[in-house]
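Participant: Pasting a structure below so you can have a look.
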């Protein structure tokens, strides 16, 4: 295969050299524009040779995805160079409109048929995989759309031509035939009426057809180089992601990213969160089996569900255990003012009432402050910075509902607070 490509490359260089000499002798800008299509065929052969080299290479540690992107880069460079050549022809044609030179038709028709024969022979003899894929995957050019409209009308009269002209013709064959037709019209008008301006008009037409044909291919290959997701597979990928999220043991599918690695190959990565009791290998096998139908190179990150709750501490804390700059101390508000309370019972004193039957060490001034880990500080509008505390604990402590004391909240919300309320040095003493 490689020797065949090299042989056609040598023939292409020979034909291009003769065509450039004939362009100089005829002084035809239209033949020069058509010769640029032969130079594009040389770039196409080089792309085909690169594709053959890529198929022989294996992925390496430095290039873990292989060398498929070299094909994309070669197609992008070839189409962009063809468009630059078309812009150069347009610039030269604009200058010729101001001063039209004389055109010699001696080698004009010969050069047209030589270029057309070699271009068609090259396109039909060598299977250029990258350009064949791009020509089918890229959007249609304006030339293809107009020819398709004419083909539908013609196939309505002659149905047997539908296999040739429909659904759309090969863009490279189409531009070769259209350029040769424009040169034949140029030759006839110059021979009959010496209308030299038609040569410039034909050059502009060939340049516009070249630019319009190459532009959709440049856009498609450029999007592949930018690692975008192909529009025609977005719906299929969304459907597969929904199927993966309904698998047994899967809790969440996130951080999914899919991009085109090369022509016809899709790569992607996805993170899957599963239950703690789920089998990682089983889930990985199912996820890979579902996505492998579209994504040939897939990376799946499996991690189990693990919720970390903040710890609650009470009582005195050693300085070498916790750093108080990382915590907030929330003192419990007293129930009543200290002036109206009895130091023994912590209840309001009445001068005429008898002493109470029972005395309780109710919280209000003897309970140690509660220390919460400051894993994430969130302002709540009260001027205090609270950590991760459940809303139920706030309600139980009486901080969220007015009129509720703190005694019941301490009995149900905190397990580290002793059941006897008071100072810690009285733990274990019998109740009075």
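Using N, Cα and C of the backbone, Cβ positions are placed for all residues, glycine too.
Copying in the features that TrEMBL gives for the protein in this structure:
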| type | residues | note |
| --- | --- | --- |
| TRANSMEM | 5-22 | transmembrane segment |
| DOMAIN | 6-226 | domain 'Cation efflux protein transmembrane' |
| TRANSMEM | 34-55 | transmembrane segment |
| TRANSMEM | 67-88 | transmembrane segment |
| TRANSMEM | 108-126 | transmembrane segment |
| TRANSMEM | 172-190 | transmembrane segment |
| TRANSMEM | 196-215 | transmembrane segment |
| REGION | 334-361 | region 'Disordered' |
Participant: Counting only CB pairs under 8 A, let me know which of 34-55, 67-88, 108-126, 172-190 has the most with the transmembrane segment (5-22).
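Facilitator: Of the candidates 34-55, 67-88, 108-126, 172-190, 34-55 scores highest.
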Participant: Are there residues at least six beyond either end of the transmembrane segment (108-126) with Cβ under 8 Å to its Cβ atoms? List them, or say none.
Facilitator: 4-5, 8, 11-12, 15, 18-19, 22-23, 26, 28, 31, 34-35, 37-38, 41, 44-45, 48, 170, 172-173, 176-177, 179-180, 183-184, 186-187, 190
Participant: Give residue numbers and ranges for long-range contacts of the transmembrane segment (172-190): same chain, 6 or more residues beyond its ends, CB-CB under 8 A.
Facilitator: 28, 30-31, 33-34, 37, 44, 103, 105, 108-109, 112-113, 115-116, 119-120, 123, 131, 135, 143-144, 147, 196, 198-199, 202, 205-206, 209-210, 213
